[in-house]
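Engineer: One structure follows; several queries about it will come next.
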């Protein structure tokens, strides 16, 4: 079994940057983005209360269901889309292998 | 307008700001604490008081609210004073090196040292990306409802789908000449009873409800006159209105601290880790609001930073005394009179 998956961040230019996300650290996608120095503020530390880790999911396998906190926060964002997620609420797991996200402008 | 004189003015009443009172008190320095929120505790009290925390030394598990209560008890012997419910606005450095901190409500705190423990910063309204929106702020565009009477017999367009938008739609519908609620989605995840009430008021014609839509433009000369709603993201629909109130929740910002001449990096204050001092002598930044190589945004790291800050601040408050580290195990807690 693999000990890491790959996730991709699509830039404005369309270029996709590959990131390696270890499976054994219980990281969130937000933490992987921050570890790779992407401009994700994540000021609330992953509690789904600030939306400063908002991403748009461009390609993915099955994603975990949204909990109420995440759904409520996304509902209040003026520029969320049907593919929006809070990256702090996406735990790195094998099903996320190949995930492609776009970091949304800071709210 | 009140005037306060103290040794340390601590901006932020979260756990790190409160613990700074303790560390300062051990060194016989008096503290005044200012916070925009009406109660101490910062986000621990305001956002997650019932959430357990597991990484406070000596507490295998402690609820956020209980940690704040314990900190209040711990700092009580040092008799800190508080200005709560007022956001800091201005920092003035005087010729003698001391400071005046001013709040939005005009409270002035004269102090020798300023300690910024502002956590996430202050929460400000999230603004939608609409061209020229700022031009109409206070001229028809509002981000919160301070006095509902202000909107009596006026035409109002609200935007948003959270509790705040639902609650104000219900309340203002009875006051306004015409109330329109524009929401991006098709459902409301706010309180179910509020959502049901809005839907029934819409059916009865008390609220004009436009779903799957966004306000995309604002129009007017000096005052707001109309907005354009992009229905289904495709069809523009103009609504004549006196007010547009986007209610998209709050987002943390540094706020006025941004204008204090402090070195910043990605919305955080750069500090020297020897004492958590900023580039302005006499101003320190501790807790989540600062940044340095290796920074960890943990409460316990903020506690450590408070201890080092206090030792350095001692040299400013008592320039003629030599600092000698004393242990509480030997000296206990000497109450400040």
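The backbone N, Cα and C atoms fix where each Cβ goes, glycine too.
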Engineer: Among B:88, B:101, B:156, B:157, which residue does TrEMBL name as a further FAD binder in the site formed by B:35, B:43, B:48, B:123, B:288, B:329?
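Structural biologist: That FAD site, as TrEMBL gives it, pairs B:35, B:43, B:48, B:123, B:288, B:329 with B:88.
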Engineer: When DSSP is mapped onto helix/strand/coil, what comes out for residue B:329 (FAD binding site)?
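Structural biologist: DSSP assigns residue B:329 (FAD binding site) to helix.
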Engineer: Near chain A by Cβ (under 8 Å): which of the binding-site residues B:35, B:48, B:88, B:329?
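Structural biologist: From B:35, B:48, B:88, B:329, the ones near chain A are B:48.
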Engineer: Highest Cβ count within 10 Å among the binding-site residues B:48, B:123: which residue is it?
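Structural biologist: Neighbour-count leader: B:123.
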Engineer: I want to check the contact list for residue B:35 (FAD binding site): same chain, sequence separation of six or more, C-beta distance under 8 angstroms. What comes out?
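Structural biologist: Set apart from residue B:35 (FAD binding site) by at least 6 residues yet with Cβ under 8 Å, we have B:11, B:12, B:13, B:14, B:17, B:42, B:82, B:83, B:84, B:85, B:86.
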